[in-house]
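Visitor: Dumping the structure here so I can ask a few things about it.
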Ligand SMILES: Nc1ncnc2c1ncn2[C@@H]1O[C@H](COP(=O)(O)OP(=O)(O)O)[C@@H](O)[C@H]1O
Ligand SMILES: [Mg+2]
């Protein structure tokens with residue numbers, strides 16, 4: 001029996017288990033790219049706008065950090081640069097999760113043991129996962145190329161841009177193949193791969209920030225750290241510029257090395273064991289976590305910290321960008337128009353800031369839904385059963401999660417405002433004043449988030465089985481109404497469905513108390529109804 | 001008034017009638033076995049007793065109070081080990097134990113540490129790294145370290161190895177000697193036999209038997225399969241032996257435990273080539289004694305099948321006792 005025996009039938013199994021996921025991936029990614037390309041064709045239709053964009057992308061450090069290099073002033077170059085981060089991160093995460101799901105997670109749940117006892121080679125599981133995920137990346141790249149060409153971009157550049165994204169997928173497939181052998185749990189394997197993604201981002205950002213601008217002020221040559229990063233390679237392929245196809249050898253080489261390493265590691269470890277020891281915890285619980293609220297805080301704080309860092313960094317960058325923003329607006333009427341509509345004010349910088357804060361509020365909405373649904377997940381996971389068999393009452397329990405979530409959301413909204421204010425203040429002078437002003441402006445969004453929390457509590461209390469999908473659906477609806485409402489010219493009655501429609505667009509407009517009071521009251525009613533339902537219903541797993 | 005008293009309990013989930021007039025009575029100080037095949041309604045009954053589910057009709061009293069309305073105060077007096085223990089993946093086992101203790105109103109730290117040693121549980125491991133058996137140990141240690149009057153255990157040993165199972169039995173006995181009451185649900189007859197004073201057997205949401213183990217002894221016949229060199233004779237004259245299937249050189253018999261020795265010495269005189277003896281699984285018993293409609297075991301027992309008292313009769317008798 002060879003180490004690969006059974007790979008074929010396992011591959012079919014992986015395809016079967018993931019058919020929905022793969023379908024979404026292969027259709028969703030090209031669609032997303034096509035829609036980005038079409039919407040950018042609108043905004044950057046004129047030569048002047050594109051030259052403006054390319055100049056900013058070269059001169060702005062913030063743009064260099066987030067978008068990477070730009071190669072020329074063609075529409076393709078703008079699209080490739082502007083959509084790079086989104087597509088790259090999505091592809092890297094999809095690939096990582098897929099590899100880990102079919103390797104480490106199989107071992108964790110004992111499925112692999114079941115499979116391993118039948119006629120399977122040692123490497124079959126890993127190989128099957130790699131075949132499917134690399135295959136998915138190649139197909140997705142073909143789809144991407146077709147989508148970009150269909151959106152009206154030149155063929156060669158489209159193929160290069162698609163290959164650049166596919167290369168990232170292949171690279172992180174390789175990374176995940178190794179982390180799945182190192183970590184003892186799927187969570188650990190995903191976390192290690194995500195850390196690698198973070199490092200890849202940081203190295204590329206550093207290389208691009210240190211890069212020398214071209215003499216004509218359009219585009220720059222990345223410094224060496226970019227070459228150490230799989231995310232950097234994609235920019236070095238120069239899609240829509242003078243393509244350097246040989247760069248594609250780098251991800252291919254990484255894959256070959258990673259597969260060899262992962263095979264060696266599989267040979268040297270027991271099934272189910274990781275090479276890195278699982279982190280241990282304290283033998284005795286700290287007193288402060290020994291209450292419903294204390295425990296909720298303990299469980300939420302790790303996630304919350306991640307959110308604080310993320311929102312803080314983005315806020316700071318957005319704040320710094322205010323300074324560069326004036327130039328950009330001067331050059332681009334369509335972008336100015338869009339920001340004006342979204343922010344709802346006259347003074348452009350205030351409209352921009354208001355738009356930023358509105359986006360932060362919706363982003364914090366995702367935290368609210370995620371954090372509160374933990375209460376429901378604990379119920380479906382069967383943890384709650386043992387908890388409610390102690391002398392904790394249900395209201396205290398759900399209330400603990402609600403309180404922690406609301407405090408977390410308040411903190412996040414403030415972090416968004418303060419970091420934006422700090423960035424803006426450092427760039428333009430008066431950091432303290434801007435921090436205070438934007439912290440206040442951000443806090444005005446909180447009542448809308450309270451209504452969202454109320455919706456989730458109501459769903460948990462009254463419709464437990466549908467609570468998870470419906471809560472996310474509610475957030476998605478609010479997001480779409482906020483993003484597309486004005487663009488699609490929806491009637492005000494429909495826009496009013498979203499609590500985020502009702503918060504004053506500070507700092508672009510003045511604060512009015514009435515909507516805030518009404519929103520808070522609505523939130524209180526929703527929460528009360530939800531808690532009442534929660535107290536009366538069966539535990540539902 | 002007993003510690004637990006349930007009568008005519010009905011619970012439906014959509015179309016499924018999980019409990020269909022169930023009766024259960026547990027007196028203070030007894031270890032009560034709650035037996036039934038999978039899906040019989042044991043966990044559902046326990047969840048109603050714990051105020052996690054509401055019931056449709058019938059009466060449920062726990063410590064002479066309403067388990068739904070008075071859940072919080074009642075739970076200070078009991079500890080629960082669920083059938084499927086799930087814990088917070090990123091907490092350590094020690095943290096989970098302390099947490100359950102604190103949420104219940106305190107736990108005895110020395111007892112906790114002693115129990116951790118007895119069950120050989122490493123409290124610094126994260127819960128996500130524990131096997132099913134180890135997660136069960138976390139819940140068992142948390143329950144046994146609590147200062148309570150009642151233990152509610154739902155198939156608590158399904159993931160434990162035999163060594164740990166005997167440690168568990170020791171600890172339950174110790175709890176019982178100190179005056180505690182135990183409700184132990186199980187589908188393993190041997191475990192119930194080892195621990196329980198009284199037993200209630202349920203099937204399809206109804207109580208079919210309830211009484212002391214001696215009263216139910218007739219349920220625990222051992223099944224014996226034998227192959228002999230010489231043709232078998234005289235089996236039907238032996239007391240306590242039920243021949244299920246008898247050929248010339250082989251037989252499949254059921255025998256009551258106290259008559260096993262007599263049967264073996266009888267068999268020896270025919271030159272035994274092979275012999276296996278297994279206690280009947282609960283499922284077999286249910287099939288044989290209470291099976292609905294045509295019973296596959298019964299139809300394949302051509303020789304002298306002895307029909308024991310039917311379910312209606314047996315249940316009526318036991319109920320008459322109280
Ligand atoms: N939440 C539920 N929803 C629907 N049916 C359930 C639910 N809980 C239990 N049941 C059904 O009720 C019956 C009794 O289940 P349970 O009490 O878990 O049995 P046991 O613990 O004896 O194995 C089973 O048929 C089971 O499928
Ligand atoms: Mg059960």
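Here the Cβ of each residue, glycine as well, is placed from N, Cα and C on the backbone.
The transmembrane segment annotation in TrEMBL covers A:20-41, A:84-103, A:124-153, A:159-182, A:189-207, A:245-263, A:304-322, A:351-373, A:394-415, A:435-463, A:470-491, A:511-534.
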Visitor: Before we move on, state whether the transmembrane segment (A:20-41) and the transmembrane segment (A:435-463) share at least 3 Cβ pairs under 8 Å, counting only pairs 6 or more apart in sequence.
Guide: no
Visitor: Return yes if the transmembrane segment (A:84-103) and the transmembrane segment (A:245-263) have at least 3 CB pairs under 8 Å (sequence gap of 6 or more), otherwise no.
Guide: no
Visitor: As a test: from A:124-153, A:245-263, A:394-415, A:470-491, pick the stretch that has the greatest number of Cβ pairs under 8 Å with the transmembrane segment (A:435-463).
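Guide: Looking at each of A:124-153, A:245-263, A:394-415, A:470-491 in turn, the most contacts to the transmembrane segment (A:435-463) are made by A:394-415.
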Visitor: Under 8 angstroms for C-beta pairs, at least 3 of them, ignoring pairs fewer than 6 apart in sequence. Is the transmembrane segment (A:511-534) in contact with the transmembrane segment (A:245-263) by that rule?
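Guide: Taking Cβ pairs at least 6 residues apart, the transmembrane segment (A:245-263) and the transmembrane segment (A:511-534) are not in contact, as fewer than 3 fall under 8 Å.
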Visitor: Could you check whether the transmembrane segment (A:394-415) and the transmembrane segment (A:470-491) come into contact, where contact means at least 3 Cβ pairs under 8 Å with the two residues of each pair 6 or more apart in sequence?
Guide: no
Visitor: Excluding the flanking five residues on each side, which residues at least 6 beyond the ends of the transmembrane segment (A:159-182) place their CB within less than 8 Å of a CB in that stretch?
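Guide: Those are 29, 76, 79-80, 84, 87-88, 91-96, 98-100, 103-104, 126, 129-130, 133-134, 136-138, 140-145, 148, 153, 188-190, 192-193, 196-197, 200, 230-231, 233-235, 237-240, 243, 245, 247-248, 250-252, 254-255, 257-259, 261-262, 265-266, 269, 274-276, in sequence order.
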Visitor: Ranking A:124-153, A:189-207, A:351-373, A:470-491 by Cβ pairs under 8 Å to the transmembrane segment (A:245-263), which is first?
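Guide: Going through each listed stretch, the top one turns out to be A:124-153.
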Visitor: Sort out the residues at least 6 away from either end of the transmembrane segment (A:470-491), same chain, that have Cβ-Cβ distances under 8 Å to it, and list them.
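Guide: Hits for the transmembrane segment (A:470-491): 341-342, 358, 362, 365-366, 369, 372-373, 452, 455-456, 459, 463, 497-501.
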Visitor: Take the transmembrane segment (A:189-207) and find every residue of the same chain, 6 or more past its ends, with a Cβ under 8 Å from one of its Cβ atoms.
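Guide: Those are 64-66, 68, 89, 92-93, 96-97, 100, 103-104, 171-172, 175-176, 179-180, 182-183, 222-232, 235, in sequence order.
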